[in-house]
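Swiss-Prot has this to say about the protein:
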| type | residues | note |
| --- | --- | --- |
| ACT_SITE | ASP82 | active site, proton donor |
| BINDING | HIS83, HIS180, HIS208 | Zn(2+) binding site |
| BINDING | GLY181, GLY209, ALA210, SER211, ASN230, VAL231, ALA232, THR233 | dihydroxyacetone phosphate binding site |
Amino acid sequence: MFIISSKNMLQKAQHAGYAVPAFNIHNLETLQVVVETAAEMRSPLIVAGTPGTFSYAGMGNIVAIAGDLAREYNLPLAIHLDHHESLADIESKVMAGIRSVMIDGSHFPFEENVALVKSVVDFCHRYDTSVEAELGRLGGIEDDLVVDSKDALYTNPQQAREFVAHTGIDSLAVAIGTAHGMYAAEPKLDFERLAEIRALVDIPLVLHGASGLPESDIRQAISLGVCKVNVATELKIAFSDALKEYFLQNPKANDPRHYMQPAKQAMKEVVRKVIHVCGCEGQL
């Protein structure tokens, strides 16, 4: 079976001290890049998509193409629902073959967040589907998710312990100073807070908003318990910048088989870098 839960791969990463990258994809080309590159580097892989991605590309298309690529490259992978907010939406996608889910109730008060997440866990675990949830709230923009910096909240370590105990989640997304999108200035991550969370929570931790972070920060976060690193915006920028440059140099170009190649190559370099920083090359 090539479409798998992310639970075992994150537990393996936790025990071995590396992280698994979760790359957000949007279409055939971006899916090809992340699978082909992970296969070349023999890296575990989580392919992530927001609700907007699944609406754009088609749920069945993503599952079918990812499954075909996984078989072609002999690379078991997780297709992950990133920042999903609806239990009904999650239920339908799990029934279609998804086995890795993030339920995002971080915009709710603590008790409501717990109740929503618990309902998702109760459903997903019946189908061997792993569940990630977020406590605290990241600022920034990702697809339709927009959180003003003034509304961002850091994860409370004591609440994190309660949250994990009451929900039964498999991984916890923490807010320690990262944000969705690229950074206007170098962020200051609260590693002391992360260490406190790690001391109180024994499940894998997840770092959202890794695009543009210094490599040293990512490595330090991994040393403090982060087992999954999410990258989205940095991939889109590399891909689109290469496309723009190609058309500047070739204004009459019209063959996607040609102009997609430099875009895919630019994105591949980012994927290779992230896999290297996560320390997961050769970990299959």
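Note that Cβ sites are derived from N, Cα and C of the backbone, with glycine treated the same way.
On a predicted model such as this, the values are computed, not experimentally measured, just so you know.
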| message | At a 10 Å cut-off from the C-beta of ALA210 (dihydroxyacetone phosphate binding site), count the other C-beta atoms across all protein chains. | response | 25
| said: If you count other CB atoms within 10 A of each CB, which of SER211, ASN230, THR233 wins among these binding-site residues? | reply: ASN230
| field | Rounded distance in angstrom between the Cα atoms of ASN230 (dihydroxyacetone phosphate binding site) and HIS208 (Zn(2+) binding site) | value | 5
| If you skip the near sequence neighbours and keep only those at least six away, which residues in the chain come within under 8 angstroms of the residue listed as 'active site, proton donor', Cβ to Cβ? | ALA22, ASN24, ALA48, GLY49, THR50, THR53, MET102, ASN230, ALA232
